[in-house]
Amino acid sequence: MSCLNGTSLTPISFILNGIPGLEEVHLWISFPLSTMYCIALTGNFGLMYLIYSEEVLHRPMYIFLALLSFTDVLMCTSTLPNTLCILWFNLKEIDFKACLAQMFFVHTFTGMESGVLMLMALDRYVAICYPLRYATILTNAVIAKAGLLTFLRGVLLVIPFTFLTKRLPYCRGNIIPHTYCDHMSVAKISCGNVRVNAIYGLMVALLIGGFDILCITGSYTMILRAVVSLSSADARQKAFSTCTAHICAIVITYVPAFFTFFTHRFGGHTIPPHIHIIMANLYLLTPPTMNPIVYGVKTKQIRDSVIRLLFKGKDKSANKISK
């Protein structure tokens with residue numbers, strides 16, 4: 001086969017086939033995806049700038065939010081430019097090593113997204129259950145170490161994906177029915193035994209997603225107990241309101257993630273491939289698109305900071321004109 005590298009069964013490149021069955025409407029599908037990507041970049045960069053420039057937002061909750069925005073940008077950028085090249089220009093070929101690199105970044109950043117949501121749940125737990133010790137527990141050093149450990153956890157657990165995928169023989173061809181290189185999508189076109197890949201993929205999902213969901217559930221259980229015990233209805237409402245945006249972010253992230261994960265492993269014959277691929281793209285695009293909107297709408301401090309920043313800009317413009 002011309003796609004194979006010498007006498008080995010390692011392909012020189014893969015062909016990402018886009019969304020099988022919907023080739024005729026690839027261009028139309030690209031419009032909502034590209035719009036969501038632009039909104040995600042604008043919203044997350046804007047949120048990071050706002051948190052950086054407004055001193056009132058230099059608190060652990062918003063530092064974690066900035067980390068979430070940074071992760072969101074990296075997560076959607078790891079796939080969307082390549083996906084849009086397929087949908088717009090029919091540029092489907094991707095180098096084998098570039099495919100492995102994309103696979104590494106996709107899974108690392110999705111794991112980091114989950115980890116940051118877990119850290120944000122712990123932040124809310126400390127803020128509500130230990131308000132007097134909040135500033136002493138969540139210092140800048142603790143936040144930096146937590147962010148670094150979350151990143152290293154993703155990297156160390158995802159690195160074996162590249163080696164497990166690279167060792168497989170690809171004698172069935174090099175066409176991947178997807179818009180980007182996902183671990184199991186690449187492994188499934190191999191003619192080798194992918195049981196180790198499937199088992200390790202499940203183990204990583206449990207070590208990252210399962211552990212994070214367990215911590216989030218535990219945090220909100222403690223938060224609920226603490227809030228219910230408050231005597232004042234206003235205090236209960238205020239405590240709940242600080243968690244609303246984060247709960248929305250959890251739902252936005254984990255619902256499409258669970259759908260993608262379970263359909264990949266258990267629903268391959270019952271769910272049409274194009275539905276799975278569209279959901280896999282939305283899984284990487286919806287959280288980056290919606291998180292800045294949700295936090296902007298639900299968080300009063302962010303709304304106030306946006307208004308302050310806008311009026312500050314208008315005041316500067318007015319002063320320049322008057323001079």
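We count from 1, first residue shown onward.
Placement of Cβ uses the backbone N, Cα and C atoms for every residue, glycine included.
The domain 'G-protein coupled receptors family 1 profile' feature in TrEMBL is assigned to 43-295.
The transmembrane segment annotation in TrEMBL covers 27-50 (among others).
Packing against the transmembrane segment (62-89) from elsewhere in the chain are residues 16, 18, 26-27, 29-30, 33-34, 37, 40-41, 43-45, 47-48, 51-52, 102, 105-106, 109-110, 112-113, 116-117, 119-120, 123, 140, 143, 147, 179-180, 249, 281, 284-285, 287-288, 291-292, 295, 301-302: each is 6 or more residues past its ends and has a CB under 8 Å from a CB in it. Annotated transmembrane segment per TrEMBL: 62-89 (among others), in sequence order.
Within the chain carrying the transmembrane segment (101-122), a Cβ under 8 angstroms from the stretch's Cβ atoms is held by residues 61, 64-65, 67-68, 71-72, 74-75, 78-79, 82, 94, 146-147, 150-151, 153-155, 157-159, 161-162, 165, 180-183, 186, 204, 208-209, 211-212, 215-216, 219-220, 246, 249-250, 253-254, 257, 283-284, 287, all 6 or more beyond its ends. TrEMBL lists 101-122 (among others) with the feature transmembrane segment.
Cβ atoms under 8 Å from those of the transmembrane segment (134-159) belong to residues 60, 63-64, 67, 104, 107-109, 111-112, 115-116, 118-119, 123, 126-127, 204, 207-208 of the same chain, restricted to positions at least 6 beyond its ends. Per TrEMBL, transmembrane segment is recorded for 134-159 (among others).
Residues 107, 111, 114-115, 117-118, 121-122, 124-125, 128-129, 153-154, 157-158, 160-161, 164, 183-184, 187, 236, 239-240, 243, 247, 250, 254, 257, 261, 265 of the same chain, all 6+ positions outside the transmembrane segment (198-227), place their C-beta atoms under 8 angstroms from a C-beta of that stretch. The transmembrane segment annotation in TrEMBL covers 198-227 (among others).
Taken from TrEMBL, the feature transmembrane segment applies to 239-262 (among others).
For the transmembrane segment (274-295), same-chain residues at least 6 beyond its ends with a Cβ under 8 Å from one of its own Cβ atoms are 19-22, 29, 33, 36-37, 39-40, 43-44, 46-47, 65, 68-69, 72-73, 75-76, 78-80, 83, 106, 110, 113, 177-180, 182, 245, 248-249, 252-253, 256-257, 259-260, 263-264, 267-268, 302. What TrEMBL lists as transmembrane segment is 274-295 (among others).
Looking just at the domain 'G-protein coupled receptors family 1 profile' (43-295), the mean pLDDT is 92.
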